[in-house]
Amino acid sequence: MVRFESTDSLMLARQLPNKTVALILAGGRGSRLKDLTATRAKPAVHFGGKFRIIDFALSNCLNSGVRRIGVITQYQSHTLVQHIQRGWSFLNEEMNEFVDLLPAQQRLSTEQWYKGTADAVCQNLDIIRRYDAEYIVILAGDHIYKMDYSRMLLDHVEKGAECTVACIPVPISEGSEFGIMEVTADYQITAFYEKPANPPPIPGDPSNALASMGIYIFNADYLFKLLEEDNNTPGSSHDFGKDIIPQLTARKVVWAHPFDLSCVTSNAELPPYWRDVGTLDAYWRANLDLASVTPELDMYDRAWPIRTHMEPLPPAKFVQDRSGSHGMTMNSLVSGGCIVSGSVVVHSVLFPRVRVNSFCTIDSSLLLPDVHVGRSCRLRRCIIDRACHIPEGMVIGENADEDSARFYRSEGGVVLVTRDMLAKLEAK
């Protein structure tokens, strides 16, 4: 393990991002989000009133000084590509800064789509090699968090690792949903299990397991060698978590990086924030948490801004209707272009250009862009997908049986409403 003096570490931390390329894996479908990802990839799903999920990984790269980024796409990529072209085209190519879109193109002789996360990178090796980077940061494009990758890069170099995996403790009951690792006292990974049925607990902490965050740093030449080996291995699923990382443990070249060392937070009293919003319930909770008095994720931190495509929209407006009832909101996020007329919005998130007509009550709900709510509606614990028109007088979220028959109701009782569901209901 290489040790640097503090001044050397500071200089190195500033230099490493310039020697690095980030690859964001953004081709996932996100099937557990049900119909919310029927027409868009999970990284393109709306979040937090005005953002897309992928904006967090992209913003982390820029804020960390990593300004060479490749975005690997596959499933339903049009919305994602459009968002990146509109909102992330400001980098300076003359300064060797870019966000490069890498769609699935059946590059290899097998003429197949990406078979796994490692294969997605492998099929783009000819492009990635031309980036001429010393280090490759591989990121999932579908997680919500703020992280300084330069700190993880420094940890990677100081330990002399060939590969470093970011990790975070998760409840042992949820361990089967993640890649779980066992580590030594100095965080060398000795074993790695992808979604094990019986995850091993952290020594001394039987209630938690140490989970992979799906964030990897590789020395570039070593990664290229690994991917070529894996591509020629019969029976491999060509996945980082299932194939690449487990085999590195025997070689003693892979280390874990605790997330709390590089987590960006404006409140040291709060635990490190990282969310895999892979289910409707998790997605709903993470959005509504932003509307709380003290959210776990600080979106107002000017030192670590989350960037996105900014539409030229007017401010939100709350007006009284003809009867004199005032539009009002409490503990909610309301985005630009919204109009609330003579209705009450409580603990909800209204995305851009939402229109709520008179005599409505919106409670604990997410209304995605361009939703139109007719008069006298009651919506509770709902996710209303983009451009839905809720008919006058409709009640959602108060009768579980009715909701399940008309829409999709999650295990946690959150109701997802889409345009197709409304069209089928209207056709009956």
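Cβ atoms here come from the backbone N, Cα and C positions, even for glycine.
Fair warning: this is a prediction, and the values are worked out from it, not measured in the lab.
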For the alpha-D-glucose 1-phosphate site that Swiss-Prot assigns to Tyr114, Gly179, Glu194, Lys195, which of Ser89, Ser150, Ser212 is also named?
Ser212
For Glu194 (alpha-D-glucose 1-phosphate binding site), write down the residues of its own chain that are at least 6 apart in sequence and whose Cβ falls under 8 Å from its Cβ; none is a fine answer.
Gly179, Asp239, Gly241, Lys242, Pro246
Within 10 angstroms of the C-beta of Gly179 (alpha-D-glucose 1-phosphate binding site), the count of other C-beta atoms across all shown chains comes to 24
Which residue among the binding-site residues Tyr114, Lys195 has the fewest other Cβ atoms within 10 Å of its Cβ, if you could check?
Lys195
